[in-house]
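Notes follow once the structure below has been shown.
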Amino acid sequence: MSWKTWFGTWGVKQAKERAAAEKASRSTSQATIIEEIKNDDTHPAPGTTPDTGGVAIIHSHHLNQGTSFSARARDELHLKGLVPPAQESIQRQEDRVRAYLNTLSSPLEKHVYLGRLRAEDTALFYRVVVDHLTEITPLIYTPVVGEACQKFSLIYTPGTVEGLFLSIADKDNLDEILSNWPYHAPDICVMTDGSRILGLGDLGLNGMGIPIGKLSLYVAAAGFDPSKTLPVTLDMGTDTEKYLNDPLYLGTRRKRPADEEFYAFVDAVMAAFKRKWPKLLVQFEDFSSEHAFGCLERYRNQYLTFNDDIQGTGAVILAGFINAINLSRTPLPNHRVLFFGAGSAGVGVASQLKEHFIRAGGMSEDAARDAFWLVDSKGLVTFDRGDKLPQHKTLFARRDNEGKQYKSLKEVLEYVRPTALIGLSSQGGAFGEEAVRAMKEFNERPIVFPLSNPATNAECTFEQAMNWTDGKVIFASGTAFPAYEYEGKTVEPGQGNNMYIFPGLGLGAILAKAEHVSDDMVYQTAATLAEALDEEERSHELLYPHLTRIREVSALVAKDVVKAALREGNCDQEDVLKLFGAVSRQPFHDDAVLSDPERNEALLAFVKKRMWDPHYAEDEEVLVGELKHKASL
Ligand SMILES: NC(=O)c1ccc[n+]([C@@H]2O[C@H](COP(=O)([O-])OP(=O)(O)OC[C@H]3O[C@@H](n4cnc5c(N)ncnc54)[C@H](O)[C@@H]3O)[C@@H](O)[C@H]2O)c1
Ligand SMILES: O=C(O)C[C@H](O)C(=O)O
Ligand SMILES: [Mg+2]
């Protein structure tokens with residue numbers, strides 16, 4: 001053996017021994033710490049550990065009041081010296097948050113800062129969101145949440161618990177893991193498996209940003225109690241090599257499971273939820289298409305659940321479409337709708353629109369279906385294209401193409417001559433000038449909805465659509481585009497994003513104590529949202545209400561969801577039953593009573609009363625007493 005080889009071997013041996021010794025000492029000391037914690041039955045004096053005394057209040061994001069603690073609270077809760085002396089209103093604290101946001105240059109930094117605020121002072125965070133929806137929503141939700149997901153493993157900061165990670169390897173220990181959840185029994189859960197996050201693909205565990213972002217809107221837009229929201233990411237691996245090879249990736253390093261293993265795990269999760277929190281509403285979010293449809297069919301009658309990308313998107317686009325039809329002046333049955341993208345969202349929206357063509361257009365099922373053409377990555381979806389279609393595409397596959405296949409968007413456009421072009425393909429820029437100009441050639445007022453998210457995936461921009469249609473386009477996108485000045489007039493684009501639906505749908509379902517989320521409840525959300533435009537919004541030809549009105553709109557949506565549940569015997573809310581003279585879980589069809597204005601107003605008031613409004617407790621007596629109790633002082 002040469003000295004070099006000998007030295008190398010010796011070095012490796014030494015390093016191995018060192019590592020083994022370190023590991024042993026680490027595990028011994030960890031084991032010791034765990035034992036010490038377990039056996040510690042002493043009760044530390046208030047304030048002597050960070051988990052007791054007044055400081056526990058500062059560390060509790062639901063109790064923290066930032067710099068708003070009164071002099072008395074500071075005194076009695078042992079907070080003096082721990083917070084700066086200035087005693088400020090929540091509004092002044094909001095000013096500071098926004099002033100600080102203005103100093104940050106990148107949207108991701110703003111997202112991270114706001115996330116920290118949510119984790120440390122919940123009331124202040126939501127006050128800022130609710131008071132500045134247009135400014136803050138894009139930072140905590142689409143589009144910035146897209147980048148935050150892509151970098152989730154990088155920006156993750158330990159020390160905050162914002163959601164549950166459920167790993168497939170823990171399939172048999174789910175009850176134990178759920179019992180670790182430290183907050184109240186949740187009302188609402190948004191759950192993803194990270195396999196199709198916005199139009200960004202399979203992000204694995206990094207998808208956690210989406211449930212957190214969606215639930216922030218449940219709170220801000222529909223007044224859910226933040227301590228009763230549950231973000232969940234199912235960690236089942238990822239097929240994205242980049243993450244599997246990223247040393248910082250926080251998820252399980254394995255490829256995604258085949259269907260059998262996938263469904264066995266999701267079955268186990270749903271059953272565990274039901275055991276632990278029987279009334280929980282579970283919103284499925286950003287699952288890859290086939291699993292999105294598969295889970296919806298599998299669970300919709302057994303559990304209280306819906307799929308946001310299929311049903312929420314379907315409803316929000318139907319609402320915008322109802323208003324677009326009025327602006328287009330083309331009667332409903334004459335519309336021909338081309339979908340670019342035939343995944344969960346494309347088929348979900350087509351299904352919802354088809355339902356409307358039947359209900360409001362008086363069309364037969366077949367005639368309604370014939371008003372839709374779907375395009376996927378292989379071209380127009382037809383039965384004789386030669387590939388095996390997944391079940392959801394067969395719902396709208398064409399038979400009338402006479403053996404001819406249409407591949408490019410240009411070919412399909414010429415063949416179909418649609419009145420509406422809807423993009424749900426995640427292919428940024430796919431609606432080029434030629435395609436959009438063709439839409440203007442076919443129609444006086446073409447409907448063009450590039451709905452893919454985030455903004456970089458939108459099939460075209462608002463500015464492009466305006467310029468290429470001589471300002472005639474009826475437009476909505478998934479991510480908000482800025483208003484555009486066209487021929488001296490400022491025109492506002494629509495934002496067709498399911499955030500106008502899911503918060504109100506969820507609230508209605510919970511308040512009705514519904515057993516399931518039915519098709520009627522979903523359809524009703526679209527009808528209500530379409531109706532929710534006020535005079536001023538109508539006069540500006542808007543398709544959706546201003547974002548600043550979203551709480552008011554969610555309340556209206558929730559109210560009508562409760563009524564839809566009542567109609568089909570899916571309601572068990574005592575106050576509501578009493579108000580309408582209905583019987584629990586019995587269908588109620590008295591239209592005169594259901595449309596009675598006084599009862600509707602009372603129902604709306606009932607809904608609004610249950611919406612959490614972000615604030616610090618005002619009654620000092622109650623506040624100090626309650627906080628003392630919570631901090632065991
Ligand atoms: N605005 C909203 O509220 C909203 C709601 C849900 C989804 N979305 C967006 O819609 C997009 C699609 O979501 P999904 O769940 O349906 O995804 P998906 O992956 O299931 O579907 C994408 C579809 O696009 C098709 N496609 C891909 N490349 C194409 C190409 N070059 N030409 C034509 N078609 C092509 C695919 O074949 C597939 O049918 C995403 O970007 C998502 O963010 C928006
Ligand atoms: O998350 C969004 O902004 C909308 C939608 O659910 C999506 O998947 O794109
Ligand atoms: Mg989604």
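For all residues, glycine too, the Cβ spot is worked out from N, Cα and C.
Divalent metal cation is bound by Glu285, Asp286 in TrEMBL, and the record lists one more residue there from Asp259, Asp309, which is Asp309. Summary of the site annotation: TrEMBL records (S)-malate binding at Arg196, Asn497. Screening the candidates Asn245, Asn453, Asn457 against this entry identifies Asn453 as the one listed for that site. Tyr141 (active site, proton donor) sits 14 Å from Asp286 (divalent metal cation binding site), taking the CA atoms of both as reference points. Each of the binding-site residues Asn453, Asn497 was scored by the other Cβ atoms within 10 Å of its Cβ; the lowest score goes to Asn453.
For the recorded site, Glu285 (divalent metal cation binding site), the DSSP three-state label reads coil. Only Glu285, of the recorded positions Tyr141, Arg196, Lys214, Glu285, Asn453, Asn497, place a Cβ under 6 Å from an atom of ligand 3.
When the alpha carbons of Asn453 ((S)-malate binding site) and Glu285 (divalent metal cation binding site) are compared, the span between them is 14 angstrom. In sequence order, Val190, Met191, Thr192, Ile210, Pro211, Lys214, Asn307, Asp308, Asp309 constitute the residues six or more apart from Glu285 (divalent metal cation binding site) in its chain with CB-CB distances below 8 Å. Taking the C-alpha positions, the distance from Arg196 ((S)-malate binding site) to Asp286 (divalent metal cation binding site) comes to 5 Å. Only Arg196, Asn497, in sequence order, out of the binding-site residues Arg196, Asp286, Asn497 have a CB under 6 Å from ligand 1.
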